[in-house]
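The domain 'Acyl-CoA dehydrogenase/oxidase N-terminal' annotation in TrEMBL covers 5-105. Per TrEMBL, the feature domain 'Acyl-CoA oxidase/dehydrogenase middle' maps to 118-209. Positions annotated as domain 'Acyl-CoA dehydrogenase/oxidase C-terminal' by TrEMBL: 255-391.
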Amino acid sequence: MQFDKTHEMFRDSLRDYLESEIEPDVQELDKQEMTKEEAVGYLRDLRKLGIGFDQETAQDYFGDLKYYVIGSEEISRVWPSLNVMLNMSFPAMFANWASEETQDALDDKLENGEAIGALGVTEPGSGSHSSKPNTVARKDGDEYVINGEKTWVSNAQICDLTMIVAWDEANDAQDMFIVDQENSPFDTRKLDKLGWKGSPTGQMFFDDVRVPEGNKLSNAIRNLILEHGDLAEALPFPNEMVDLFLSHKPLNAIFSFMRTGMAAMAVGIQQAAYEDALEYATDRETFGKPIAQHQLVQNRLYKMKANVETSRLLTHEAVEKLSNADDESRMYSSLAKGYACDKSVETARHGVELYGGNGLSTDYPLERYYRDAQTMTIPDGTEEIMKLIVGYEMTDMSAYA
């Protein structure tokens, strides 16, 4: 995948911001979850750099997915928690076509790119097996009444709106619903976790939560097509990607998009671990010479570099497939996510072990890379699920139990 001058200028400006404004304090920033006010501040900063979910900014950032993969990698190279908050706010884009009530409630936030979103898929009793969620939506007049629970939701406690997967009882089918906190309040509870310490994560509880029927995603898509005649004119994605959205189940298309971003995140974590390990190995001396001069240390650096580059190449291939609505998009996004996240754990572990005892110290970033890398392997589908998806796409035979 080739990047042109504008892509590299974007990378340089983003890296300058991250290294000057985030990196000096990132060890402290990551010790506790960011507040909503802090998250909005970051969204404002990133919007100035061309990253955001308001319609104007999103058209540029997602209209060319090369910007998206650069952003995901560069932000995660410095602070993965920030990238999680950012990327998981994408449902805010869909709120622009939800009911008037939701649009009115979020008007200024949507226009200024300050709406924080969340995606509720995982449930306590069924994980991310979303084909028949336990959360149900019952039609009542011109509203839907939602009951159920979602767990391990990024941005749960700070979001302005969430997009959830629920079972539409009236149509006896899975659908997605946009729920905004102002008009349809729901409860949340914080969940602590191993990595991504700066990213708020929690549970969501829906107890007779009412949402307008216009907030059902299939209805919103139908209204978009009626309004614009062509969905591609309304959504901030390449036309080919909109075709993918329409030809697949929307949730599958969304997951392909998210998994490609997760793979880019994993590349960013690996790049940071490799860079720090290389610098440490050349500066640190034992027995009168840099540890980089020892064969086993060079072997670790070799493995780290190989992991970074192969993960990046596979991620870029997934971006190409996704951008062109290739039939193999789902397979490659799952392949890239599974491979890059697995290699990120291995790469970070090599870094920790290269540092020796210092690798275990919170005075150094390697232990954070390792925790963040391990956390990468679970969300948006575990490595085992990625293998089953890829296997199905290759053989057209399901191995799901």
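Keep in mind that glycine also has a Cβ here, set from the backbone N, Cα and C atoms.
Note that TrEMBL annotation is computational and uncurated.
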Structural state census, the domain 'Acyl-CoA dehydrogenase/oxidase C-terminal' (255-391) (DSSP three-state): 113 helix, 4 strand, 20 coil
Averaged pLDDT score, the domain 'Acyl-CoA dehydrogenase/oxidase C-terminal' (255-391): 97
Secondary structure content of the domain 'Acyl-CoA dehydrogenase/oxidase N-terminal' (5-105), with strand meaning DSSP E or B: 80 helix, 0 strand, 21 coil
